[in-house]
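Asks: Quick one: structure below, then a few questions.
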């Protein structure tokens, strides 16, 4: 009875949390009035936090995630595993009591790595750990045997272009942060091919390594020959750099069975809590369901997808119904360049004026430190007030750069966007590697992440007005 009374009070607080004043259809509210409206959500926010972090549903997102990734495993674009996961999630969301659960068809790339190996033949025999990069071609039958040229940058490759023809280029670039260093993974094959190389091997884009290669997407360029490309461990890249500096001749035999097949059908997975007053207006909450084909895809991006599901579950379990529709989208084929999100945008952009906020969790679900946000100054000021509701968790900061692969389409068109900001210290230890498993995940940290995500999504969806764009 006490819990029912508490939920009744939560309902009253939600419904009576503010009243807009309009003149000629244009809001005349002061920021002070908006601030007071948001402050009235304090008890609702505490109810969400208590349920997610301390209450009946603590650890639920972790347990749900573990069941999926232990059952299905990794979920590469075009794979049977991904489609199995999508069907499981479709059933899960229906069983959870969410509304308008449906699948939206998407055409996605289908690439498979096949068998792959690399062996150093000179100056000594050494079997190397490699992971072919997404969309890479395979080697010819029997593989490639070639001498190695080690470079530390694209500039060095250009300076030594006369030495590169017929060689395997090994990039031993220093790690200077993911955003800067990832260019070698994405463009390494193209730049090597331009100077006549027969293959490229790139030091894994990782902040720490225990002899672990890390995969990811790479992109060919029209008019440039396609050559096989893979990532190698930090340890092997650095070793070959040392060997080269001593004047050693390095020879590698590389075999890659990678193949690209015709595009295939997949689906974005959608579920909602329909808005009570403005059902056509939307706060979108998202993560991607696909992963690479190594590890379990728990970190990237199982955690983000499942705290996004949990956000809607928590709102539903408290009996809350926001004024606007809360829409969950689990993207497909994010790792291939946001394919599912791109097609979703094309399908729904006619309603762009109805999107108040687009949210994406795709940077891990370690302990949150705040929210990254992109939007107008007025919208940022409002988001700072919303984040103040999370003082019980000490997660109140609003950072810049709310962009994410799957929501950038909307942000570039002027829709406010937010990404979860958390402690990334360990993220790139495991990112796109065999180490991306449930062992990396922490249920208590996921609880906090889910609470943050749910509070932000619900409050923005329930406020009297959409977030301002200018």
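Think of each number as a place in line: the chain as shown, counted from 1.
Cβ coordinates are placed from backbone N, Cα and C, and glycine is handled just like the others.
Owing to the predicted nature of the structure, the values given are computational and were not obtained by experimental measurement.
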Asks: Besides 288, 300, which of 222, 362, 377 does Swiss-Prot list for that Zn(2+) 1 site?
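Replies: Looking at 222, 362, 377, the one Swiss-Prot places in the Zn(2+) 1 site next to 288, 300 is 362.
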Asks: Select one of 214, 253, 348, 432: the residue that Swiss-Prot places in the Zn(2+) 2 site alongside 300, 335.
Replies: 432
Asks: Of the recorded positions listed here (59, 288, 335, 362, 432), which is spatially closest to residue 351 (N-linked glycosylation site) when Cα positions are compared?
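Replies: Sorting the recorded positions by distance from residue 351 (N-linked glycosylation site), the top entry is 288.
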Asks: Return the single residue from the binding-site residues list (335, 362) that has the minimum number of other CB atoms within 10 Å.
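Replies: Selected from the binding-site residues 335, 362 on minimum Cβ neighbours within 10 Å: 362.
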Asks: Ranked by the number of other Cβ atoms within 10 Å of their own Cβ, which of the recorded positions 300, 334 ranks first?
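Replies: The most densely surrounded of these recorded positions is 334.
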Asks: Can you check which residues sit near residue 288 (Zn(2+) 1 binding site), meaning Cβ under 8 Å from its Cβ, same chain, 6 or more apart in sequence, and list them in order?
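Replies: Spatial neighbours, sequence-distant, of residue 288 (Zn(2+) 1 binding site): 301, 304, 305, 330, 331, 332, 334, 335, 340, 341, 362, 406.
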Asks: From the centroid of the CB atoms of 288, 300, 362, the recorded Zn(2+) 1 site, which same-chain residues not already listed sit within 8 A by their CB, in sequence order?
Replies: 287, 291, 301, 304, 305, 334, 335, 361, 405
Asks: Around the Zn(2+) 2 site formed by 300, 335, 432, list the extra residues of the same chain whose Cβ is within 8 Å of the site's Cβ centroid.
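Replies: Close Cβ neighbours, site residues excluded: 215, 216, 291, 292, 297, 301, 431, 436.
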Asks: Through the lens of DSSP with three states only, how would you label residue 351 (N-linked glycosylation site)?
Replies: helix
Asks: Just the number: how many Å between the Cα atoms of residue 432 (Zn(2+) 2 binding site) and residue 59 (N-linked glycosylation site)?
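Replies: Residue 59 (N-linked glycosylation site) has its Cα 24 Å from the Cα of residue 432 (Zn(2+) 2 binding site).
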